[in-house]
Amino acid sequence: MAENTMWHETLHDQFGQYFAVDNVLYHEKTDHQDLIIFENAAFGRVMALDGVVQTTERDEFIYHEMMTHVPLLAHGHAKHVLIIGGGDGAMLREVTRHKNVETITMVEIDAGVVSFCRQYLPNHNAGSYDDPRFTLVIDDGVNFVNQTHQTFDVIISDCTDPIGPGESLFTSAFYEGCKRCLNPGGIFVAQNGVCFLQQDEALDSHRKLSHYFSDVSFYQAAIPTYYGGIMTFAWATDNDAIRHLSSETIQARFHAAGLKCRYYNPAIHAAAFALPQYLHDALSAQ
């Protein structure tokens with residue numbers, strides 16, 4: 001791809017977004033997918049897989065703070081955390097900020113993503129790959145959760161959209177495996193697309209997760225480069241109470257953790273679980 005051209009995302013057929021490409025840092029097919037990292041004056045370094053934006057330097061903090069701090073602070077005493085995907089290292093970065101976490105296991109199917117992101121997106125991991133609590137496993141996520149002897153308090157599925165390598169992370173086999181290796185009272189969260197445009201994805205996840213967990217819902221965050229509306233995150237647990245913790249409890253845990261965030265705060269935590277009526281209606285209808 002030539003520099004000073006436009007890169008167009010291919011996620012949707014009828015409309016989309018584009019980025020001006022100031023400088024292509026890397027473009028190659030890995031063992032599993034087409035990966036490009038380029039520079040854009042407005043959003044910094046941008047990574048896309050198979051024609052779909054995965055992360056940008058400018059707005060990644062919103063996604064990663066909400067995927068980590070919501071479940072970890074809701075749980076309150078998570079010691080063992082599993083990240084599925086997350087090869088850019090930013091999810092790991094946010095989990096390492098929780099000093100009570102004792103082990104962090106990250107399962108990434110594509111070793112190339114980890115290698116390239118360490119080189120070209122160093123601010124994403126911010127040195128977290130060197131944290132002594134961290135273990136990297138190169139494996140398929142479905143295989144890992146169904147075979148591991150480890151158990152976890154929080155599982156974060158930082159998956160791509162349900163196409164290509166990410167498709168298996170939206171299956172019943174994956175959700176069943178996550179339930180298998182989740183400790184009692186544990187929490188599973190996963191990115192679930194932009195609900196206004198990808199509502200079927202959310203409904204499918206809700207239907208499948210409900211076979212394994214007693215409390216299944218969603219929470220949301222506005223992330224500019226995941227365009228088309230509010231980003232939806234799946235939430236699943238057997239502890240029905242932790243989705244309804246008091247603001248005082250979340251506030252106390254937030255201060256005790258010593259976190260300083262750019263997007264997440266205790267008020268955002270509570271508000272994120274308020275869902276639009278069209279999603280409530282769709283869930284009720286299925």
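Note that Cβ sites are derived from N, Cα and C of the backbone, with glycine treated the same way.
Taken from Swiss-Prot, the feature domain 'PABS' applies to 5-238. The S-methyl-5'-thioadenosine binding site annotation in Swiss-Prot covers Gln33, Glu108, Asp140, Gly141, Pro165 and is backed by sequence analysis. Feature annotation from Swiss-Prot assigns spermidine binding site to His64, Asp88, Asp158, Cys159, Thr160, Asp161; the stated evidence is sequence analysis. As annotated by Swiss-Prot, active site, proton acceptor applies to Asp158, with the evidence given as sequence analysis.
Take the binding-site residues Asp88, Glu108, Asp140, Asp158: by the count of other Cβ atoms within 10 Å of each Cβ, the lowest one is Asp140. Between the CA atoms of Gly141 (S-methyl-5'-thioadenosine binding site) and Cys159 (spermidine binding site) there is a gap of 10 Å. His64 (spermidine binding site) falls within a helix when secondary structure is assigned with DSSP.
Gln33 (S-methyl-5'-thioadenosine binding site) sits 22 Å from His64 (spermidine binding site), taking the CA atoms of both as reference points.
Here the Cα atom of Asp158 (spermidine binding site) is found 10 Å from that of Glu108 (S-methyl-5'-thioadenosine binding site). For the pair Glu108 (S-methyl-5'-thioadenosine binding site) and Asp88 (spermidine binding site), the C-alpha distance works out to 10 angstrom.
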